[in-house]
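Engineer: Take a look at this one; I'll ask things after.
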Amino acid sequence: MESLSNKKKVLEQKPLSFMERMYLPAIAKGMGITISHLFKKEATVRYPEVEREFSTNFRGMHSLKRDENGKERCTACGLCALSCPAEAITMIAAERKPEEKDLYREEKYAATYEINMLRCIFCGLCEEACPKEAIYLDGPIVPADYLRKDFIYGKDKLVEAPLEMKK
Amino acid sequence: MDSGFVIEKFILVAVIFGISLLIAMYSTYAERKVAAFLQDRLGPDRAGPFGILQPLADGIKMFMKEEIIPTTSNKWLFIAGPGLALLCACIGTAVIPWGSPMVIGDRVIPLQVSDINVGVLYIFGVVSLGVYGVMIGGWASNNKYSLLSAIRAASQNISYEIAMGLSIIALLLMTNTLSLKEIVDQQHGWHWNVLYQPLGFLIFMVCSFAETNRAPFDLPECETELIGGYHTEYSSMKLGFYLFAEYINMFVSSAVMAALYWGGYNYPGMDWVAAHAGTTWAPLIGTAVFFAKIFAFIFFFMWVRWTIPRFRYDQLMNLGWKGLIPLAIANIIITGIVIAIIEKF
């Protein structure tokens, strides 16, 4: 039958010629290829010491941001938890007391804020849903651990370091 | 026999034994590094600077691991196997001339443990014995795969020994001696045997790849078909002995190839060096050259391993019986004719 796509290639299997049956020219060619790789730049890096640069839109570990005065931005509105397709986020809201005015930006804040890193798929929808620009996935790769409970990250791990500590 | 003779031989044996074990140790490291570089990787670099302590770490690991002797195995042969493999690998170094005689004070010390007049035959004998280690280990394991591997190793070694022996006959026609020392001395300066016997060298080299069970002839331990081959049931340092024996074999056969075909400790301009460096140091320079050649061969072994895929078993037998043996016989005939013509005229 006629080929419609015209892409078909008929390969012929010829018996090997004398030079081909000697194998030596082919082996020499192969050896040449492998030795050329001796002088090429290696594709790997010494990982723990050297890390590859991430792409600019890389999504890593979450961080809860602070505003310019060092107050936590999160108001525990729950939009991130609602938008999360993996249901990895949970939080408990609390009302700010007058003496906590320097800690939280608005009257309502997240008393606990937990992300289950085993559930999280790093889609970045929480980041998009947040009206207060409080959560960003700008951290490193989430490290490995041994126990499931250790993958539930609380505010101790998520909240950005305070301003004076940063300096 | 004076005591000086005994002491000097004892020192020589200890040094050669130590050096061959050290080289075998670092061959494992070199193999991994060469493999890595040929595959655009870095290789082991965790233990010490550039991973230089890796063989040590591997050795400690081997010693510390649990030792398992299968209950259905033949216990004594199971233990004898790796010992025999290592022993046969090590005693091959006894007849290799490492350098021309060294003069210290008024003593002339030959840098060869024993210059027996059938050195080439001795090497062949020891190499043939080496397969017993593999066979006994494979049989004693009482494991189908190990047994298959042992049978493969035995038939492969026997097949390639024939071609190896025939290729060496052409060389012996030229040298008229079986003593390795005399063969090396005949290649003074540039007169390396490989220039007169290129085909013989090629056959010898291919056969020594097969004899040492190295890729592309590593069928006795091909993981894809036989799990681990003859050392499937082995663990701990017994496994280490087998792996070690393979690397010592590689070292010995590199040394034999360098001595028989590539001039051993001879190099161009050696007379000038001998006149200037003195009789104590010139032989050591020759030894260094010899070791450089050996290392080049060891690198070649590794280079080939990471280039050429493994042969199929029938291809292996075809190459040995239908390719190399007729070629070796043709080589003998041509060499004989040429020698006869040269002697006539």
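Residue positions begin at 1 at the first shown residue.
Just so you know, glycine gets a Cβ as well, placed from its N, Cα and C.
Values in this document were obtained by computation on a predicted structure and should not be read as measured data.
Per TrEMBL, the features are:
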type     : residues  : note
TRANSMEM : B:6-26    : transmembrane segment
TRANSMEM : B:76-99   : transmembrane segment
TRANSMEM : B:119-140 : transmembrane segment
TRANSMEM : B:160-178 : transmembrane segment
TRANSMEM : B:190-210 : transmembrane segment
TRANSMEM : B:239-261 : transmembrane segment
TRANSMEM : B:281-304 : transmembrane segment
TRANSMEM : B:324-342 : transmembrane segment
Engineer: Mind checking which residues reach the transmembrane segment (B:119-140)? Cβ under 8 Å, same chain, six or more beyond either end.
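Structural biologist: 73-75, 77-78, 80-89, 91-92, 94-95, 146-147, 149-151, 153-154, 157-158, 161, 164-165, 168, 172, 178-181, 183, 211, 213, 220, 229-231, 234, 242, 245, 249, 252-253, 256, 260.
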Engineer: When each of B:6-26, B:190-210, B:239-261, B:281-304, B:324-342 is checked against the transmembrane segment (B:76-99) for Cβ pairs under 8 Å, which one has the most?
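Structural biologist: Of the candidates B:6-26, B:190-210, B:239-261, B:281-304, B:324-342, B:239-261 scores highest.
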Engineer: Sort out the residues at least 6 away from either end of the transmembrane segment (B:190-210), same chain, that have Cβ-Cβ distances under 8 Å to it, and list them.
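Structural biologist: Contacts of the transmembrane segment (B:190-210) (Cβ under 8 Å, skipping residues fewer than 6 from its ends): 156-157, 159-161, 163-164, 166-168, 170-171, 174-175, 183, 216-217, 253, 256-257, 260-263, 266, 268, 301, 304, 316, 319-320, 324, 327-328, 331, 335.
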Engineer: Sort out for me which stretch, of B:6-26, B:160-178, B:239-261, B:281-304, has the most Cβ pairs below 8 angstroms to the transmembrane segment (B:324-342).
Structural biologist: B:160-178
Engineer: Taking a Cβ cut-off under 8 Å, which residues six or more beyond the ends of the transmembrane segment (B:6-26) line up next to it in the same chain?
Structural biologist: 55, 59, 90, 93-94, 98, 107, 109, 111, 113, 244, 247-248, 250-252, 294, 298
Engineer: Under an 8 Å Cβ to Cβ limit, what residues of the same chain, 6 or more beyond the ends of the transmembrane segment (B:160-178), are close to it?
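Structural biologist: Contacts of the transmembrane segment (B:160-178) (Cβ under 8 Å, skipping residues fewer than 6 from its ends): 117-121, 124, 127-128, 186, 193, 196-197, 200-201, 203-204, 206-208, 210-211, 217, 260-261, 320, 324-325, 327-329, 331-332, 335-336, 339.
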Engineer: Which sequence-distant residues neighbour the transmembrane segment (B:239-261)? Criterion: at least 6 residues beyond either end, Cβ under 8 Å.
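Structural biologist: Sequence-remote neighbours of the transmembrane segment (B:239-261) are 20-21, 23-25, 27-28, 31, 59, 62-63, 81-83, 85-86, 88-90, 92-93, 96-97, 120, 123, 127, 130, 133-134, 137, 168, 171, 180, 183-184, 192-194, 197, 200-201, 204-205, 208, 211-214, 230-231, 290, 293-295, 297-298, 301.
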